[in-house]
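Q: Sharing the feature lines straight out of TrEMBL:
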DOMAIN    A:242-382  domain 'VPS9'
REGION    A:454-477  region 'Disordered'
COMPBIAS  A:466-477  compositional bias 'Acidic residues'
REPEAT    A:518-550  repeat 'ANK'
REPEAT    A:551-583  repeat 'ANK'
REPEAT    A:584-605  repeat 'ANK'
REPEAT    A:623-655  repeat 'ANK'
REPEAT    A:794-826  repeat 'ANK'
REPEAT    A:827-859  repeat 'ANK'
REPEAT    A:860-892  repeat 'ANK'
Amino acid sequence: MEGAYDEIISDNPFFIQFKNEYSNLLQHCISQSWIICVPRIGSLNTRVFTVEDFCAHVLVPSDELPETHYSTLTEKQVTVANKVITLEVTKGLPLQSHILFEETFYTEDYIKYKVWCVETPLEPNTNVGDCAITKDYLLSINDCIDLLWTQAAGRQVLDQIELNVQQFLKKHSPLPIALAPLRDAISELYTQCLQSTLQNRRLREKCKVSKHLLENIKLSVECYMQHLLFDSLFKPICTICAYEDSHLNKKIRNMCDIQLRDLDIKKELYHAVPKAKQILSKIVTYNTVLEKVLCLKQALNAINKKDNSNNVVLLTADDLLPVFVFLLIKSSIPNWYSQLKYMKEFRFSEVGNGDCDESAFLITTLEAVIEHIQSGALAGPPNPESYYYESNLTEDNLNDNGQRKNSLTESISTCDTNSREETLEYVFDLIKANNSEQVQYLLEKNQRHLQSLQQNERSAVKFAENQDDDDDEDDDEEYETEIYQKLCHPLCSCKKCCSKISKNLLKTSPTVSSRDSHGLTPLHIASIHGKANIVEILIDMGAKINATDLNECTPLHYAASRGHQNALLLLLHSGASINQANIDKNTPLHLAVNNGHMNCIKALIYFAEHGRKNLKINCTNEHGNTPLHLAAKWGYEGIAKLLIENGAEPSLQNHNNKTAFDYAHNLKILQVLKLSTPNLYEYIHITSTEVKTLNCKTDNPVTLKLQSLKTRNNETNNVTKTVENLKRLERIFQAISYGDVKLACFYMNIKYENYANTNITTDRLSCHPLCECQLCKKTHQTISDYDINFADSNGLTALHYAARYGLDELCKILLLNNANINSSNRKGQTPLHLAALNNKIMVIRFLLDNGANINAIDLSGNTPLHDACEVGNIGATKMLLNYNPNLNMINGSEKSAIEVAKEKLHLTIIDLIEKHTNKIK
Amino acid sequence: MSSAPSGTHNFKVVLLGEGCVGKTSILLRYIEDKFNDKHLTTLQATFLNKKLNINGKRINLSIWDTAGQEKFHALGPIYYRNSNGAILVYDITDEDSFGKVKNWVKELKKMLGSDIVLVIAGNKVDLEHERTVPLEEAESYAKMVGAKHFYTSAKLNQGVEELFLELTREMVERFEQNSQTEVNRTSRVLVVEDEAPTQSSCCSGSRSN
């Protein structure tokens, strides 16, 4: 594993001296296959050793327990357990030393002897050299940061790496969307980071002494770099791997009901699977390759543990692969391929070692597993139903599977109650074998039998009343005679005849509406296996179209989830309910999307369109996910596109407050989602929290409306209106920033001319609420379809912008159109704040004249006066003071306005405020 | 193939062979005399590292166990790429497993040329009385493809040590040869082509699975 201790033993002074000066002793040790311990370089501060020193480091295996018990040549008893040597000493605690690694030496005549590199000398009272070695393994990003921090004695190295990464991101924005250039760019950055790290003199000196440290430093630098870079780096990787990921996801989704036994996994390993699954699912939470690989290793170790009866379960590759396949399928991580590529291609510190460490092995294992799933070898024959068929088998009927298949072709002669022909399973098997004629024959026969039984009851009564009345039973003539001929007499009640009749009553022949233990009807089975002709037959025979099984799934659910378009269409045309939810509140559309069956989604949409059915495209399942959430999560680009074209709304939140945008893990999907909101690049960055704050502005009528719209999911029109408003807002803001009032008014559908020539007195808005004078009329005239108080994702309204850019004319117009003068943006700032910040004196006066709250506070507790003092806007301060603000208000850092000014040394302002206070007094 | 600046050779070795021929047992036997059974809990039986020092040359062996079941056959290339050596294991009591070895040899030669050092191991010699793979056939085949042949018994600890030692020596030799001159590959490739027709029937049989 990475970071394990290593040194060249032949260069160790202890070993060199042993070899050169006591070669006879060494030869003897070799011939006796005694183990030689070598204290790691640097653990001994002396360079002169006596013969006792060497003897103390030769371990002679004991006769009884040669594996664990040894004695040194100095007659000390030594035990070895779990890579730790324990040396008994005469007084005090036993001495312990870790075995860092073992190296097997061969002499020129290929005689083998073993050398253990130990952490500390095996002698009491020796002066231990330098401080203990650095951590043996780097296990997390924290270890890496720790190492860089302590070894460089401060955070300058970390800062340097941060700086490098920032510069890199500035320079390479956006990052290339192809693996080779991306990898090369990052590799260059890594070299840069390493260079700047080793410029630290302290580190350089230390690394010169210890190669081990150098390796660890390299690894740490890589980790820290990846840690900083991950967010910007992983998206492009996902985008590069988008195609592979979505294909893998489709394969995995369609296998998601696979069971352990289907994969030939050893029974002893079953118990370890949940734990391993839990560990492996954490892989997405790690940012660095080191941690991701470690996560793989831990998952593997979890499988590798002892079983219930405490026996060691040894995993061979044959056992390991199926377990990993299972874990991958069940993990519900949508970007395994990207994870693999990241781990494989962005490990720079190990490049020199080729494929020779355990990390490489683990990554290769993951690659092999993905390849195995991709290859389709798992699904067996190409048609999915055969796979389902296999996976449905329990262990008990696994054996008679072959025999049963054979029996399908044989004609069955006997007809007793327990005959195979009479079981539902047999009918199911016939359906799976696509034997439509036989199915039809059997079910029809049983149906007739059932009908006749019912009629028998009735006729038996009739019989007694009216013996001649036979005409009614013409239909069942054949069957009647069949039974009654067997009886001694039609009315006989002897033992034999009674049992014959009761046998008939006890018959449990399957019919078209029979169900198995899972509540599956023949129609379900036919839909699962996509046998369109049988589906047709069953429907004709009156099968219940919307019958639900244990999971409340209808045949339509199965046809959709298995991707059987023909069966799906047949069911739809026969009146299957298109929006039926199963136990998880999944509609057939959900299932089809989840499993990536484009053909079925198209069929559903097409049918709904032409059959004038209302397909709920934004329907939510138990977790609040719409089909679009699923498509985004699994990276089905084409499907997402199709859904959006048909009115799916990407901004809907699920129960975790996540939108489809949040689930999209690559740019391609994002691009598709963006389709619904053309030209609005900003919208993409709106995360769910921002959507929420948008919704929370209850004083804002449009967002209120928007909120109520969101609950009514189907009204896509209204949502797109919001989007249009956002687009328009963007244009308005642009116009304002140019200072073009006319253009801004045009965008807002306000007639600028109406206001251009009028001399509005600044101290009143209209003469009277009901005034009908020319001026007031004009004000109310303009009924804009654009809401003046509409705010963008930062909570900025047009008035905010007008205030910021000092357009007092526009402010007037906006206020005349009922703009909210005290609306606050996301930071809690009112337009007055912005005017104060930007020293727009005219606007300040206008706003204050029209009722703006002079003591309004933003989220950090600042009043407009605080802001003006902070920035040092003399004019703004003067103007604000004219309107008697509360000078004693303190902001979030408990400072009044004058204190802020003092802090910033704005002398004029301090003077102004002091004068004002004196005046008041 | 790869070498750290310090002169330590890093070699990757894959174990190939049909399931149940004892690949894992050989691997465990080789490593086992390092630590006793109790330590096996912490060992991965699928990946093991061993440091060797032969005549002052440091070698770091990474030994990869591979899946032997037929359904995983297609994953072979993922495992054996970049490897310096391959140990092809068969069971001397199972003729099919020897056929599988021949397949592997062909595939390896085709994909990796002569970059890879091959060693063939006839395992389970403790079951000598049940032998079905003729001794001469195995040895002559190994000679033909330029591989060393060993008889091993993981159970009795026979030949395992020798097998790995020989493989390592050969890999070091090959590495040094490679770094000095271009190897003459043609002769080795030709050997494969010579024996290809005789193997065709058995290959096609297993490929179709």
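Cβ atoms here come from the backbone N, Cα and C positions, even for glycine.
Tell me about the surroundings of these features in the structure.
A: Summed and averaged per residue, pLDDT over the repeat 'ANK' (A:518-550) gives 85.
Listed by sequence, the residues of this chain that lie at least six past the ends of the repeat 'ANK' (A:551-583) yet keep a Cβ under 8 A from its Cβ atoms are 254, 384-385, 388, 521, 523-524, 526-532, 535-536, 539, 545, 589, 591-592, 594-595, 597, 599-600, 603-604, 607-608, 611, 613-616, 619, 621.
For the repeat 'ANK' (A:584-605), the list of distant contacts is 246, 249-250, 253-254, 551, 554, 556-557, 559-565, 568-569, 572, 578, 615-617, 619-622, 625, 627-628, 630-631, 634, 636, 638-639, 642-643, 646: same-chain residues at least six beyond its ends, Cβ to Cβ under 8 Å.
Same-chain residues lying 6 or more positions outside the repeat 'ANK' (A:827-859) and placing a CB less than 8 Å from one of its CB atoms are 762-763, 765, 795, 797, 799-800, 802-808, 811-812, 815, 821, 865, 867-868, 871, 873, 875-876, 878-880, 883-886, 889, 891.
Taken residue by residue, the repeat 'ANK' (A:860-892) breaks down under DSSP into 17 helix, 0 strand, 16 coil.
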Q: Of the residues in the repeat 'ANK' (A:518-550), how many are helix, strand and coil by DSSP?
A: 16 helix, 0 strand, 17 coil
Q: Just give the helix, strand and coil counts over the repeat 'ANK' (A:623-655), going by DSSP.
A: 17 helix, 0 strand, 16 coil
Q: Quick check on the repeat 'ANK' (A:551-583): DSSP residue counts for helix, strand, coil, in that order please.
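A: Reading the DSSP string over the repeat 'ANK' (A:551-583) gives 17 helix, 0 strand, 16 coil.
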